[in-house]
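Enquirer: Can you keep this structure in mind? I'll have questions shortly.
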């Protein structure tokens, strides 16, 4: 009866089109030529998500490409054969823990493809994983095409890096990228590389998986704040945030100088966006789209106000799942044969019943998506329990694959910024009053007082971030787990010191300035602890060109030479750095 009704209604529809002066559009014609009576191009109908998938995949591919680019440029220095925390030693310790076998227990503790590769060429392995990931993600970014196999490979590649990255990959956005990437696998057809695969419409279950993700990210961040630090209650946290965030940018310097009432408004707005707006997702199409728009705006503001790696760019990705094709249509051109026109044709075919019956593979996909929904619901149980718990933890994974995780950021705000400054000297006597100590400058973290804060996001200097954590005098739950207080609990910093004492080229490549470049390496190296503050706008220090002022707190670690570190290196199985001058022989 329904089909007959549609057939009988067709002549009347054609008559109305002729009266309106619109040429009849057959099933194979481009809907881009269709116009309404006012002469305007036809608009996409709400309720479909073909373009949403394209935007989601391209946005995720952009973040993947940045993450793999960071891995390619930094992994060798951080976790390579001669890295600060070599992943080969990490895997070897895991294997020893499981009685020397690479069995299910070892693989489940650290799921990574590196178990299957030759460990004697770890640098080449790490480069291969990063370059393959960079190539595949760039393809998706440029073409907008992907399938399940391609997205699964990207997820496996990044999982392999994260699970051997140790402290360098300990931040919450690594798990967030893995969860986002896992969901994206099920957005796509199995084999077809098409932006609009006719037989694979975007799954509503997967879309709600993305919405559930952004809901947990924002609500978790809001709850951890009101539970973690009194300044979020008295609205004073933003008085300190811009100055004490991990890696400030130039805008943070000026935002820090804002009047007190601006900071109060910022804090209230943060509470609204993280504690109230997430519930808009469940209030219908318009409110869901409003949620997506507000979260995109919020993340854009955060990007402009600090260098938080690719965290905010990544948080934008699930927000796009709040929009349907009618909302996102303005992003695409309206010309004949374009994506927008093809989506309109798909919508028209669906309305008029012109689509042939679904294939058996469509039924299989529905079963797979239903199983995915059940898996996400089951894995969400401990996450929801954590959200409701007064002792909420943040940025925690409850299983090695990190499919559903708990998130949060800046649960507490440090009131003072402290930095570790590395200094070296060529003086034979480190205690001599006339010893000239020269400072190493990092890529982006504060150091020289006249150095302008960098503008870096979405790129990420992992060493700079770990230096920020290492400088804390007390524990902090800002972006990750509490950070140790002393250099003894940050072995990598002494490894870095040893490499700088040998003028190691790989270690020096992580820095912006090596004062001993092209010279014999320093005889001694030390870490000094300083308290940093922004200079006051239009004040005396700012007029001298200083962005920062600082005051020495004391030593972070005492002067050390290569001789002092030999046994320390041997105990940990680290390769001994080999200086390229006679300084090592003289010190012996």
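The backbone N, Cα and C atoms fix where each Cβ goes, and this holds for glycine too.
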Enquirer: Among the residue ranges 345-366, 367-388, 389-410, 411-432, I'd like the one that TrEMBL describes as transmembrane segment.
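Expert: Of 345-366, 367-388, 389-410, 411-432, TrEMBL gives transmembrane segment for 367-388.
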Enquirer: In TrEMBL, which of the ranges 160-176, 177-193, 228-244 has the transmembrane segment annotation?
Expert: 177-193
Enquirer: For the feature transmembrane segment as recorded in TrEMBL, pick the matching range from 205-224, 245-264, 265-284.
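Expert: Comparing 205-224, 245-264, 265-284 with TrEMBL, transmembrane segment matches 205-224.
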Enquirer: Which stretch, out of 106-124, 296-314, 315-333, 448-466, is listed as transmembrane segment by TrEMBL?
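Expert: Going through 106-124, 296-314, 315-333, 448-466 one by one, TrEMBL gives transmembrane segment for 296-314.
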Enquirer: If you average the pLDDT over the domain 'Lipase maturation factor 1/2 C-terminal' (403-558), what number do you get?
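Expert: Averaged over the domain 'Lipase maturation factor 1/2 C-terminal' (403-558), the predicted model reaches a pLDDT of 90.
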